[in-house]
Amino acid sequence: MLDDDIDTESNPPLRVGVLGARGRMGIEVCKAVNAAEDMELVAMVDAGDWLFNVSDAGAEVVIDFTRPDVVMDNLHWCIDQGIHSVVGTSGFTPDRLEQLNTWLAPKPDLGVVIAPNFGIGAVLMMRFAQQAAKYFDSVEVIERHHPNKVDAPSGTAVRTAELIADARATAGMGAAPDATSQSLAGARGAEVEGVRVHSIRSAGSIAHQEVLFGATGETLVLKHDSTDRASFMPGVLLAARRVSDLPGLTFGIDTLLD
Ligand SMILES: NC(=O)C1=CN([C@@H]2O[C@H](COP(=O)(O)OP(=O)(O)OC[C@H]3O[C@@H](n4cnc5c(N)ncnc54)[C@H](OP(=O)(O)O)[C@@H]3O)[C@@H](O)[C@H]2O)C=CC1
Ligand SMILES: O=C(O)C1=N[C@H](C(=O)O)C[C@H](O)C1
C-alpha cells in the first residue's frame, strides 16, 4: 500500500547500509531491504563494527536502528560522509534536532528522515490523537513494549504527548484538570508537556499504545498494536526511497503518506 511506483528497469538499485543490523529491528530491516527489488543491501554494521564499511561499500542511504546513546555520533558521521539517513532510533529531543540542523546546514542536498514510529497505524493514531485533543479535558497515554526496550517512555508516546499538548495549547486549554497527587512515586506516571504517560514493559509484547481521552459522561480510546516488527517496514522502505528528494531534516513520515 505504501509502495511507490518502482521502476527497476531504468534505475540502478538504491544502495543501502543498515546500522544496528544485528538488533531486533536491524534484522527485520535487512530482510526487507533484501526483499525489495529496487534496493541492494551493501553494508550491515553493528556495535564494534567499522562505520567506514558503509562508505567503502558506496551506500547512498543509511538506515539506523541502534540506540539513543549512539545515534547522534552515527548521524554526525553520515552527514560528514554525505550519506542520506533514515532513522528509527528513539531519543530525539528538540536539542538533538537543532544540533542535526546545524550539521546539515553546509550540506543543502542531504536528507535525514527521523520517525518516532514507522508504522502506518501508529502514525494515524498520533494524527487522530492530535485531532481529538481539543474536545476532551482528560487525556493520558499508556504505552506497552517488549521487556528489553532500553528507553521509557517510548519515542512514540513522547511524540503523541507533544502533539496533544500542542493541540490543547492552540485550543487555549490548560492542563488536564485531573488529580496528580500520589501516595507512591510514579503512580501517576511521567509528565510530558503536561500529559501523563505510563510505560509498561512486559514479555509477550512488541509495541502497543493507548491514548485515553475523557469528558463528562464519555471516554474515547485510541489503540494501536504492532504485533510484528514487519509492521514498520513499509514506512522504513518508503522513507529510504524518498530521503534523497527531501533535503534537510524531516521529522515523522506524515508528509510522505499524503
Ligand atoms: N521508529 C520506529 O518505528 C521504531 C523504532 N525503534 C527504535 O529503534 C531502536 C532499536 O530498537 P531494537 O532493534 O529493538 O534494539 P536492539 O537493541 O535490538 O538493536 C540495536 C542494535 O544496535 C547495536 N548497536 C549499538 N551501538 C551501535 C553502534 N554504535 N553502531 C551500530 N550498531 C550499534 C546494538 O548492539 P548491542 O546490543 O551490542 O549494543 C544492537 O544490535 C530503539 O531506539 C527503538 O526504540 C524500534 C522499533 C520501531
Ligand atoms: O523499542 C521499540 O520496540 C519501539 N520503539 C519506538 C518507540 O520508542 O516509540 C517505536 C515503537 O514503539 C517500537
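Cβ coordinates come from backbone N, Cα and C, glycine included.
Because TrEMBL annotations are produced automatically, they should be read as predictions rather than curated entries.
Worth saying up front: this structure is predicted, and the values here are computed from it rather than measured.
Features as listed in TrEMBL:
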| type | residues | note |
| --- | --- | --- |
| DOMAIN | 15-118 | domain 'Dihydrodipicolinate reductase N-terminal' |
| BINDING | G20, A21, R22, G23, R24, M25, G88, T89, S90, A115, P116, N117, F118 | NAD(+) binding site |
| DOMAIN | 121-256 | domain 'Dihydrodipicolinate reductase C-terminal' |
| ACT_SITE | H145 | active site, proton donor/acceptor |
| BINDING | H146, G155, T156 | (S)-2,3,4,5-tetrahydrodipicolinate binding site |
| ACT_SITE | K149 | active site, proton donor |
Q: Taking a cut-off of under 6 Å between Cβ and any atom of ligand 1, tell me which of the recorded positions R24, H145, H146, T156 pass.
A: R24
Q) Taking only the binding-site residues R24, G88, S90, P116, which one has a CA atom nearest to the CA atom of T156 ((S)-2,3,4,5-tetrahydrodipicolinate binding site)? A) P116
**Q.** recorded positions whose CB lies under 6 angstroms from ligand 2, from R22, K149, G155, T156
**A.** K149, G155, T156
Q.
So the record assigns G20, A21, R22, G23, R24, M25, G88, T89, S90, A115, P116, N117, F118 to NAD(+). If I measure every Cα pair among those residues, what is the longest distance in angstrom, as a whole number?
A. 20
Q: Specify the nearest of the recorded positions H145, H146, K149, G155 to S90 (NAD(+) binding site), where nearness means the distance between Cα atoms.
A: G155
**Q.** Cα-to-Cα gap, R22 (NAD(+) binding site) vs K149 (active site, proton donor), nearest whole Å
**A.** 15
Q: Would you mind listing, in sequence order, the residues at least six apart from F118 (NAD(+) binding site) in the same chain with a Cβ closer than 8 Å to its Cβ?
A: G88, F232, M233, P234, G235, V236, A239, I253
Q) Averaged over the domain 'Dihydrodipicolinate reductase C-terminal' (121-256), what pLDDT does the prediction give? A) 97
Q) What does DSSP call R24 (NAD(+) binding site) in the simple three-state scheme? A) helix
Q | Neighbours of H146 ((S)-2,3,4,5-tetrahydrodipicolinate binding site) among the binding-site residues G20, R24, P116 (Cα to Cα, within 10 Å) | A | none
Q) Using a Cβ-Cβ cut-off under 8 angstroms and a sequence gap of six or more, which residues of the chain neighbour H145 (active site, proton donor/acceptor)? A) S154, S199, I200, R201, S202, S205, I206, A207, H208
Q.
Please list the DSSP helix, strand and coil residue counts for the domain 'Dihydrodipicolinate reductase N-terminal' (15-118).
A. 39 helix, 24 strand, 41 coil
Q. How many helix, strand and coil residues does the domain 'Dihydrodipicolinate reductase C-terminal' (121-256) contain under DSSP?
A. 51 helix, 40 strand, 45 coil
Q | Distance from P116 (NAD(+) binding site) back to K149 (active site, proton donor), taken between C-alpha atoms, in Å | A | 14
